[in-house]
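Peer 1: First the structure, then my questions, so here it is.
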Amino acid sequence: MSTTQNIAPSLELDLLNAEVASRYVIYSATTIMVWDILTHLSDEIELLFLPRSFRLPTIAYFISRYTFLAYFILQNFAEDLKGQCTAPKAMALSVVGYVAVVTALLQFHVRAKAIFSDNRFAQWFFNCLWLVSAGGTSLLISGASSGICNSDYSYYIPVISVLVHDSCVFAAISYRIYRMSMISWSPSARSDLPSTVRDRFQRTIATLWGKNLPSLTRALLREGQLYYLISLTGSISTLSLMLDTSILPPKRLLLAPMHVLVLNVTAGHVFREVRLGRMPEREISFYQYESQARTHTLAPMSFALVRASQETVDIPVLDIC
C-alpha cells in the first residue's frame, strides 16, 4: 500500500496548502530581493568605482547579495509539486545558500576585527567565532544528499549560529564604543559617590542613544542596533515556528526565507551607509590602548572613510569596510 493512500484527504489538503504557501513566500522573497538590488543599483555601481573597492568586505558584500538572489531564484525552480527535488538541485541550492549566509557574516566579522585591531585575543576570538558559525551554517548542505530541498534539521543549527555570531559581534562593538566614549568623560566637580554614579549613568544612556558620539561612531552603533534587533527578532520567531510541532512541517519553515532576506537587506544597508560615507563628518578619531605599550597612555586611532583626504596622517588608519 502506498504512503499517499494512508494520508487522510484533509491532511493531504493541508499539506498541499502549506506547500502553496511556502511557494508564495519564496516568490515574495525573490521579488523583494530583486527590487532591493534594482533600487540600490546606482549605489552598488558607485561602490565598484571607489578607491580600494576590491577588498574583502566589498567582495563579501557583492557575493552575499547576488548569491542570495541566486538562492531564491533556484528555490522557485528546484521543487516539484510534492516538495521534492533531485540530489544535484538540492546540493546546488544548499551550497548557494551556505555561501550567501557565510559571506553576510563575514562583513560584520571584518568590521569587528578592525575595531579591535589592537587586541590579539579579540582578533583570535572573532576568528574562532566566525569559523564556528560557518561550521554550524554548513548544516544547510546536510539535506542535499537526501534529495529534499527543505528540512527542519538543516535550519535549526544555522539559525542559532547566526544569532550567536550577531549577538557576540554586536555586544563587542557596543562595548568598545562605550569604552571609547567613557575615556573622554570627566566626572562632575562633586566627587561624592551618588553624583559620580548619576553622571556615569547619564553618560551611559546618552552613549546608548548615540547623543554624545561623532557621526561615524553613531552610525556604527545605530546601524548595528538596527541589524541586531532584526536579527534577534527574526531568529527567535523563526526558531519558535520551527520547533512548534503542532503545525505541519512545511509551515515551520515559512519564516526562514524572509528571515535571511531581511538580514541580507539590512546588512547591505549598513554596509552602504558606512562605505559610501553618508555622514556629515569624513573622518573620526577614536582612542585605543596601544597594544605594544605597557603604560596607560592613549593613542589616537582614526577610522577614515574612502572619501577622506588623501593627506598623510600620523595616526593609524583602519578600514572598517
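Cβ atoms are placed via backbone N, Cα and C, with glycine included.
So TrEMBL says this about it:
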DOMAIN    24-69  domain 'DUF6533'
TRANSMEM  59-78  transmembrane segment
TRANSMEM  90-109  transmembrane segment
TRANSMEM  121-141  transmembrane segment
TRANSMEM  153-178  transmembrane segment
TRANSMEM  226-247  transmembrane segment
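Buried or exposed, and what's around them? Tell me for each listed feature.
Peer 2: Mean pLDDT across the domain 'DUF6533' (24-69) comes to 90 in this model.
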Peer 1: May I ask for the residues of the chain that lie six or more residues beyond the transmembrane segment (121-141) and have a Cβ under 8 Å from a Cβ within it?
Peer 2: 91, 94-95, 97-98, 101-102, 105-106, 109, 112-113, 153-158, 160-162, 164-165, 168-169, 172
Peer 1: What same-chain residues lie close to the transmembrane segment (226-247): Cβ under 8 Å, and 6 or more beyond its ends?
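Peer 2: Same-chain contacts beyond the flanks: 108, 152, 155-156, 159-160, 162-163, 166-167, 170, 253-256, 258-259, 262-263, 266-267, 270.
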